[in-house]
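Annotated ATP binding site per TrEMBL: Gly45, Lys46, Gly47, Gly48, Val49, Gly50, Lys51, Ser52, in sequence order.
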Amino acid sequence: MPRFPRTFEARRMSSIPRRPATAHAVQPGLKPLPRIRNLIAVGSGKGGVGKSTTAVNLALAIAAEGARVGVLDADVYGPSIPTMLGLTGRPDSPDGKQIVPMRAHGIEAMSIGLMIEEDSPLIWRGPMATSALTQLLEQTLWGGAGEDAQLDYLIVDLPPGTGDIQLTLAQKIPVAGAVIVTTPQDVATLDARKALKMFEKVHVPVLGLVENMAVHVCSNCGHVEHLFGQGGGQRIAAQYGVPLLGSLPLDIGIREQGDVGTPIFAFAPDSAAAEAYRATARALLAELEKRPRAQVSLGAQLL
Ligand SMILES: Nc1ncnc2c1ncn2[C@@H]1O[C@H](COP(=O)(O)OP(=O)(O)OP(=O)(O)O)[C@@H](O)[C@H]1O
């Protein structure tokens, strides 16, 4: 794989003008979080489909559009975002209550994995997990220390599956929209449908599906192969009545870069894989723009 001389962070700092995002409506009955203009939940019907990898690279791709972005790793079963972003140590908490998010590759990040010992197994019952996660969401100083600090987008990597924890989280967290990550096999077994139903049940709008590992790119010759046939993602999205936001390649660089803490989008922003994430991120933002805006109340910062 070609090496790119300039890091993503340097590129981002030097050339991308900030474009503050419009805040969009959340589920009826919930109040938007003051520090978050748009919270986007990333879910999947089952584990191992590449949800965290997709969430992190999409967060970077959205940041590259000029937005202030954070990622919250809510995957209590296997918090992998610290590794994917190369984060270690504990986040600061000056007053013992609020938590300063960590930063990597130009985005903010917080993970349940940063708050516990690295080797300790997370065997939490539903209520414990959901209250820990809602606390983490609310007590993190997203967007900086100032009173009016805000992120344009917070990408929340939900635990895989559609059990109680996922349902409660989808119900309690004020979400502007959800994205469902599937693989071609996942599509075949209809696990993605369960995730769709779950979000529907709690009135969270699904912005679309992302088909991960859709085509294989040979690391030697770059040959592209549709291992699982073509058009599956498109068909299933049409069947469910939601857009297919993008199809991502099964690419060794995506895995390798995730393992070493510099996601492919940061490592090789001009690669074909990064381009696929960029196109998917743009489609996601375009879908979000179609959603109703958050209501503006006097004194609120949701302009
Ligand atoms: N498009 C891709 N190409 C190559 N490898 C990928 C791709 N997407 C994900 N992977 C790899 O697949 C493995 C699982 O990915 P990831 O941890 O993102 O899945 P997940 O759905 O979040 O898993 P879980 O939530 O069950 O822990 C990782 O090793 C990751 O690097």
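Glycine too: its Cβ is placed from the backbone N, Cα and C atoms.
A map of TrEMBL features onto the structure.
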residue : record           : Cβ contacts under 8 Å, 6 or more apart
Gly47   : ATP binding site : Tyr77, Gly78, Pro160, Gly161
Gly48   : ATP binding site : Pro160
Gly50   : ATP binding site : Val181, Thr183, Asn212, Met213, Leu248
Lys51   : ATP binding site : Val42, Gly43, Ser44, Asp75, Asp157, Leu158, Pro160, Val181
Ser52   : ATP binding site : Asp73, Asp75, Ser80, Ile81, Met84, Asp157
Cβ neighbours of Val49 (ATP binding site) where a neighbour is any other Cβ within 10 Å: 25
Binding-site residues whose CB lies under 6 angstroms from ligand 1, from Gly45, Lys46, Gly48, Gly50: Gly48, Gly50
Count of other CB atoms lying within 10 Å of the CB belonging to Gly45 (ATP binding site): 25
DSSP-derived structure type at Ser52 (ATP binding site), helix or strand or else coil: helix
